[in-house]
């Protein structure tokens, strides 16, 4: 996530193609888009409120905040058992709405809750500290405990009830009285008063109002001014909800009034039952998969000693003293904590190797450092090398992708001899890197082509961590250019391994952006060698991909076929021109000859489709979730230069044909 002026840009440019791809793939990918919106919303709110919600760990921290806000503002203090849980998200969303009005304070420390007198700490809790009206710094702020579970709706109701007047005087028929409490689902309690006992009745009513704050609205009913009759003995009137008859009660004790209200407020009983279901010992499923993973691993001990923890005092000295990889994360954010596991796994893989120094800094503790390093999203990985600008990692948040980035970070490399250049192209010179990038790119330049060399070096910097790049500009460069019949300046690309690309979340956007039909083989993970030979031959001529037997693959097949066919299955999907799906005949063997004949029939319009994908557009559920529109608006106002996106060597199969006419009818020729 990135931020432009006005806080309008919420997704990084690297992630935009993935969002577009999920929308374009329609039905089979709809569930992924829903998850993406949920996760992005949480990251959006968390990043925005990073400096708004105070995270504390000790009673002293809480007392300092309380003293600083006396006479100025009220406090919403919450305890959650873990960062990333549904309760944490609900608190952050409430802070997003009310952060300008109240100071939100958060803790995960049970000891802190115990120190303020809370005994039952089975569930998450929220306190409202009434500090704004406290002018005496020695006086403690009143505290009101929220009785409902910490859900977004219940927090909203609770805060709205805190904003309502503590006590209201009325002189009209209780049946006709309506306040914000009834709108929030809370009952009304009328304390009946008369002129002779007004002062004592008002004090009693205020005392009851504090006891029932957040549970009911309390009003002082002036009997002497009423035109309607109230039973002479009644001293309390109870109104459960709008439209229901009021109840006239005789309760001579404050505790009896409190008990009656609590025992007759249905919302309390219902919410408590829901809380038992939602906040049981196992917590159930979290609101997204990332939060669920973090909560499930909360007791797992990570070998954090394999990475260097940075602080505001050590950051500059460390990154200047050695080439470093720095993870910027926020300890309260689920995505950061999930990625921290991958980062530590990376440290385990690199243990004992002369790789770059792996470091980390918690932006929750050192926000100033992160701000100075232009970090506005979490998590972020940056590479620091002496004399160079930091390089930001923009790949997938996983151990293997990050390992590839680090192993290839030294590119482009300088090649100094013809023999070294040949070894580079053959894969012998950097054979330990071949497993991370199967393609080597070598730039050939004469010594006088300084501008072209600078451009290639700049492009190589953009491709750092993605592919192996090298440069050769010695006097004998013509030997190489003549051997490979390349006119200087030239680029030589050497493919070291032949493999069939597999559709993944990472490369799907690249394929869809080509706006060409997709030839996809669905397999169970084990491909017949004869099939593989035929397909690999086809790869050199056509765009072909493999989708293994995964839950996502099965969901896609269900959208293509009424009954799931036996694997392997070969299909052509024409996403960008009609949405037709064609299936290779199941009674034919997958051979090169059969495949070419079938594809030729498709191109001639002689094959019938098995289904047509819906043209329904998968839009965000609400305009506020239309992050792509926000990105477009921000990009049009503040265009920025972006380097080429890193792609695997198998991500794009070269094809010089033009995109098809999107207005073509269903029987058009399919060009592959």
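Easy rule for this one: first residue shown is 1, then count along the chain.
Glycine too: its Cβ is placed from the backbone N, Cα and C atoms.
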Per TrEMBL, the range holding region 'Disordered', considering 599-635, 636-672 = 636-672
DSSP residue counts for the domain 'TXNDC16 third thioredoxin-like' (166-255), split into helix, strand and coil = 29 helix, 22 strand, 39 coil
The domain 'TXNDC16 second thioredoxin-like' (47-165) - residue tally per DSSP class, helix then strand then coil | 44 helix, 22 strand, 53 coil
Looking only at the domain 'Thioredoxin' (308-407), what are its DSSP counts of helix, strand and coil residues?
-> 38 helix, 21 strand, 41 coil
